[in-house]
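Colleague: This is the feature table in TrEMBL:
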type: DOMAIN; residues: 1-194; note: domain 'MARVEL'
type: TRANSMEM; residues: 73-95; note: transmembrane segment
type: TRANSMEM; residues: 107-128; note: transmembrane segment
type: TRANSMEM; residues: 172-190; note: transmembrane segment
type: REGION; residues: 199-260; note: region 'Disordered'
type: COMPBIAS; residues: 209-223; note: compositional bias 'Polar residues'
type: COMPBIAS; residues: 243-260; note: compositional bias 'Polar residues'
Amino acid sequence: LFAIFAFATCGGYSGGLRLSVDCANKSESDLNIDIAFAYPFRLHQVNFDVPTCEGKRRETLSLIGDFSSSAEFFVTIAVFAFLYSLAATVVYIFFQNKYRENNRGPLIDFIVTVVFSFLWLVSSSAWAKGLSDVKLATDPDEVLLLMSACKQQSNKCLPVRSPVMSSLNTSVVFGFLNFILWAGNIWFVFKETGWHSSGQRHPPDTMEKQSSSYNQGGYNQDSYGPAGGYNQPDSYGQVGEYGQSQSYGQSGPTSFANQI
């Protein structure tokens, strides 16, 4: 889902800006100059016509810059991350036994997760820099400087509408969120590999040896068996003053008086 949001907000973007050129001769003015651009942001191919305020002649200009490399790299990583996540989900659910066979599946999954984490960081950083350049190249004040008519003080050039970049800002945020998500997932994939299990193998063996030594020692003997004093009968036979045994067992006070 995070990968879908990343490439959808970037790859599906289209925007534009509007400028106004008010010439000294009002008949030569153009108050609604629309400039549209979209992904992959090859701005040098975006052409637009503007008045020169010198008769009816118009000039054709284009925006400056080509930022398609960083944008396409970002979208490509997002698409492949989405496809791999979808394939991994199918394997986790339906092919769990083959995934754990010979520990090959977890190792491949671990390596791919590390690679995608690094690619998300690189592509998101590159696209963040590319987006700042796109904002600068499509700034209406910067575009007005390209027009010859705006270099004359008798003409008035004003920005009417600036491009909305909220979705592109969102794409950068989702790019770094994907990096955090994939980087955090490295630990959980690492726990499935044999490297993690081999590191946890020795402590249980040590505990087993200690428990076996205790079982062989005196702590496992029946020290409170029949030989002990606590398993004797309830009666305590004693010899009285007249040589007769006095029993303080289950006999009552009457038998004790008879014995005296």
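Each Cβ is built from the backbone N, Cα and C atoms, and glycine gets one as well.
No curator has checked TrEMBL annotations; they are predicted automatically.
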Colleague: What else in the chain is close to the transmembrane segment (73-95), if you only count residues 6 or more beyond its ends and a Cβ gap under 8 Å?
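Modeller: Contacts of the transmembrane segment (73-95) (Cβ under 8 Å, skipping residues fewer than 6 from its ends): 3-4, 6-7, 10-11, 39-40, 105, 109, 112, 116, 119-120, 123-124, 126-127, 130, 171, 175, 178, 182.
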Colleague: Quick one: mean pLDDT on the domain 'MARVEL' (1-194)?
Modeller: 90
